[in-house]
């Protein structure tokens, strides 16, 4: 069993993955486990510390989530965050109750006592709160380490036991010294060393792949995006002669995508590629389907069917490799107590019964780590820094039913958006950019004539890992040129809007 420096127990926060990511940025390997993991499994990981995540439940409710109480008797440092903080207080007989004043957003805290958590940090800090419960009294044996205007027990701890509790979320970017607090917990409380990196990850994953696969063969599904390209490169580095790389044209690709993917794998990466045109079957099954969850599940099921049919043509194929990431896992909620945001076609969208076993070597890392891994494996920056493109493709960028006319319309406007962003230098400055066909018509005037045509939405966001995102502040002249070109060059569009929503509350993709 793989060891972990720090274990993060997931109580349902959508930001649980960020805790692990922030620690990994410091070179500390952190792993996430369900909140109800057994004490034996925790001991087997030989952690140097434990973090209890936030979550949507209340410790005083009948449906509260509780970890094994023996965690507090292991002699390990423990850090409780939000719900984890309230859980620690509850365990040590303090009272947790609904807060009269709920806190959501930025708050200012003031450090009241020196602590390992706040080593070399300023006394006053801005942090991110997100809670509706409060700790009403200090647990026995603990002392206040920091306060805020609405939280007199904002941070408390027991330095002897190295138990610490935070009401705020240090893992989100809005907590200005949150990264430092997590680093201090790992370094000064847990005595962790900064030795984890993508080089060591690549080596470990290659060994795991060889051990799991043995002499069998692996079907590797690729889309041309960075995730599947890195998976293919990782498999090739581990078991090159046993990998069959397959690209499926599902009819939901961007303009020129099929040709780009085929060229990249054969000419740039030097990997043999089997290309399958399955557009008819995908589009026929999506006909008259409007619900986004149904779209994702249909696409997921159909992908598996196509891959399983291809596998029958080759001997000893027992595995299917996919580029599932941590962000896919958390949004599809198959870790801990997290609530489902949406199913991903390669997580919640998969059929229950598959003839192929899944290999997902990237499911424990984030997008930025995938890119670092890609560079480590020798992929070009052009491949590694392509904008993310979802597995369900343009199907989840068309509101409502997916059909060929809508796909062609969306492809045309998408080409214009990307051309303008690349020509102005904004493509490389942003995380992701795409258009959404709203399937909503509006009145317009072109020349002397009335029009009643489609509206299209532009979505461009900045992010570091995809877990949170803000809309990109594109210059007005860039937006104006994009809008002008789309309306003038694409028949059937008379209105362009810009999505200025952040994640949360919105997701990056519309469906």
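Positions of Cβ are set from backbone N, Cα and C atoms, glycine also.
As recorded in Swiss-Prot:
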- 82: active site, nucleophile (ACT_SITE)
- 169: active site (ACT_SITE)
- 171: active site (ACT_SITE)
- 223, 224, 225, 226, 227, 228, 229: ATP binding site (BINDING)
- 5-195: domain 'Glutamine amidotransferase type-1' (DOMAIN)
- 196-386: domain 'GMPS ATP-PPase' (DOMAIN)
Cβ neighbours of residue 227 (ATP binding site) where a neighbour is any other Cβ within 10 Å:
24
Which residues, sitting 6 or more apart from residue 171 (active site) on the same chain, put a CB under 8 Å from its CB?
15, 18, 19, 21, 22, 81, 178, 182
What does DSSP say about residue 169 (active site): helix, strand or coil?
coil
Kindly state the mean pLDDT of the domain 'Glutamine amidotransferase type-1' (5-195) in the predicted structure.
92
Could you state the whole-number distance in Å separating the C-alpha atoms of the residue listed as 'active site, nucleophile' and residue 223 (ATP binding site)?
39
Could you state the whole-number distance in Å separating the C-alpha atoms of residue 229 (ATP binding site) and residue 169 (active site)?
34
Whole-number answer please: how many Å between the C-alpha atoms of residue 224 (ATP binding site) and residue 169 (active site)?
36
Proximal but sequence-remote residues of the same chain as residue 169 (active site) (Cβ under 8 Å, at least 6 apart):
13, 15, 54, 81, 82, 127, 128, 129, 130, 175, 178
